[in-house]
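Student: Right, I'll just put the structure down here and ask away after.
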Amino acid sequence: MSTAIVVFSGGQDSTTCLIQALTQYDHVHCITFDYGQRHNQEIEVAKKVAIELGAASHKVMDVGLLNELAVSSLTRDNIPVSHELQENGLPNSFVPGRNILFLTLAGIYAYQLGAEAVLTGVCETDFSGYPDCRDEFVKSINQSLVLGMDRQLEIKTPLMWLNKAETWALADKYGKLDYVRNHTLTCYNGVIGDGCGDCPSCDLRKNGLDAYLENKESVMADLESKL
């Protein structure tokens, strides 16, 4: 029996990963991290979506210490989410160490459950400039977890080389485009579905959806060539 863990936020990307994983593994468990994020409504959304889609279990883990250590517009209500890059070349929504912590804890959880894979929705194509979403980083932490726990584990990134239009196409391939569009929370300002329409996350989501809906056959063909 195959088992996987999905690092799950209830957003477009992780929900699409969950939808795909449910067709590929016998048991799929979700893990969501509560770090006092600005859009903390995502935790309730994640709970609802995990149940509705049929995850075997859903664990919410308190990692509030990350909020104390990592200053970001996603961890501080008094820091507005900006469309501009900071002096260090990163968006102010970058939470230092977030995916290092999340993937490490997900790896430990996989060890506990005997899961062979951890899935995460990070990608390098339409990403927001976060260094911990790069393929190089994921491969590095995967190797460290295998060495540190002396157990085989694969961190899978189904969306790594997909653009946002292709991510929408992937949801549509499994008949879940409308579900992902209407029930997930990607917006930094906590607006479910199509979002606030103003934050960087909503821009990426909308632009990708528009690109897919305008040229579905071509985008789906591009997706199929990458699967």
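Positions of Cβ are set from backbone N, Cα and C atoms, glycine also.
Take a look at what Swiss-Prot says about it:
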type: BINDING; residues: Phe8, Ser9, Gly10, Gly11, Gln12, Asp13, Ser14, Thr15, Thr16, Cys17, Leu18; note: ATP binding site
type: BINDING; residues: Cys187, Cys196, Cys199, Cys202; note: Zn(2+) binding site
Student: Among Cys196, Cys199, Cys202, all listed as binding-site residues, which has the most CB atoms within 10 Å of its CB?
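Tutor: Counting Cβ neighbours within 10 Å, the top one is Cys199.
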Student: Compute the mean position of the Cβ atoms of Cys187, Cys196, Cys199, Cys202, which form the recorded Zn(2+) site, and then list in sequence order the other residues of that chain whose Cβ is within 8 Å of it.
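Tutor: Near the Zn(2+) site, the remaining chain residues are Thr186, Tyr188, Asn189, Val191, Gly195, Gly197, Asp198, Pro200, Ser201, Asp203, Arg205.
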Student: Neighbours of the ATP site Phe8, Ser9, Gly10, Gly11, Gln12, Asp13, Ser14, Thr15, Thr16, Cys17, Leu18: Cβ within 8 Å of the Cβ centroid, same chain, sequence order.
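Tutor: Counting only non-site residues, the set is Val6, Val49, Gly121, Thr184.
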Student: So among the binding-site residues Leu18, Cys187, who's got the most Cβ atoms within 10 Å?
Tutor: Leu18
Student: To the nearest Å, how far is the Cα of Thr16 (ATP binding site) from the Cα of Cys187 (Zn(2+) binding site)?
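Tutor: That separation, Cα to Cα, works out to 16 Å.
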Student: Just to verify a number: CA distance, Cys196 (Zn(2+) binding site) to Gln12 (ATP binding site), in angstrom, no decimals.
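Tutor: Between the Cα atoms of Cys196 (Zn(2+) binding site) and Gln12 (ATP binding site), the distance comes to 15 Å.
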